[in-house]
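Asker: Structure provided below as structure tokens; questions to follow.
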Amino acid sequence: MKDSVFNCCFLPPLPPGEEAERARRPKNMAAAPNSSSSSSPPPPDRRFLIFFDFDETIVDESSDDVVVQAAPGQKLPNWLKDTYRPGHYNEYMQRVLAYMAEQGVSEGAIRSVIEKIPASPGILALFQYLRGRSQDFEIVLLSDANMYFIEAWLRKVGARQLFGKIFTNPASFDGKGQLRLGPYHSHACPRCPENMCKQVIVREYLARRVAERGRPFQRVFYVGDGANDFCPALALGPRDTAFPRREYPMHTLIAELQGLRPADFPAAVVPWESGEDVVARLKRLAEER
Ligand SMILES: [Mg+2]
Ligand SMILES: [Zn+2]
């Protein structure tokens, strides 16, 4: 569903300053990106920066679809599904989670279905590789799912510590047992659903880290699958690599752009079916100095 709200078009990226400025413009409700606590010290200086999407990249399904398995009858009523409006996915998921709480679905039931989502092929091997090269890779997760699902799943597989930063929608259980989901930010990118433009997050994160380090990363990598992973991949430069899941929307969109205007996509492209495909390329690049 998230991909269907994506208004695709190949517009040139907005100048980063303009994007960042607009992204900071407050929405009528306080945006609460609950990832970037400014109090934590900056991560150590590493050569590479790698971004990961979550749904259908790290895990092999979409967590927002999977959570419905905890609902009565493992499905949502049609009246609820009919409230979905294109471009307003976050609000829709807020209603889904409110419905589940009304139906008495417990935190344990939700956590349990999320923890059981299978990892995508080879992803745990990729995590293992990155764990062994922690002196080289700064690792960041960017997702339009939510903090509760992501942390529950990562903790279950023992991979939470791998990620220095997680940018996603804030979510936590309130005193009444309802998982409360919030919006991420507002932005002016015409390509992306209204709740999140991952390119804005990538550009801002990169600018901040390069300023803190006093030097750029040798290379930046992006591992994803969805239409909303295409926009951030446009921010990659000629030394960087996009890893789109083979024949998923991110891959299709990159291939279309490369066919039309190859100069508009300067990064290398390595489609993956298994995380091992990503490991193979990273190994090769990490051997260079
Ligand atoms: Mg995805
Ligand atoms: Zn965008």
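Including glycine, each Cβ sits where the backbone N, Cα and C put it.
Note that the coordinates shown come from a computational prediction; the quantities given were computed from them, not determined experimentally.
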Asker: According to TrEMBL, D53, D55 bind Mg(2+); so which of D225, D240, D264 is the extra one listed there?
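Answerer: That Mg(2+) site, as TrEMBL gives it, pairs D53, D55 with D225.
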Asker: Return the count of C-beta atoms lying within 10 angstroms of the C-beta of D225 (Mg(2+) binding site), excluding that atom itself.
Answerer: 26
Asker: Expressed to the nearest Å, what is the distance separating D225 (Mg(2+) binding site) and D53 (active site, nucleophile) at their Cα atoms?
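Answerer: Per the Cα atoms, D225 (Mg(2+) binding site) and D53 (active site, nucleophile) stand 7 Å apart.
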Asker: Could you give the Cα-Cα distance between D55 (active site, proton donor) and D144 (substrate binding site), in whole Å?
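Answerer: D55 (active site, proton donor) and D144 (substrate binding site) have their Cα atoms 9 Å apart.
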Asker: Run through the Cβ atoms and count how many others sit within 10 Å of the one on D64 (substrate binding site).
Answerer: 20
Asker: I'd like the Cβ neighbour count for D55 (active site, proton donor), meaning other Cβ atoms within 10 Å of its Cβ, all protein chains included.
Answerer: 25
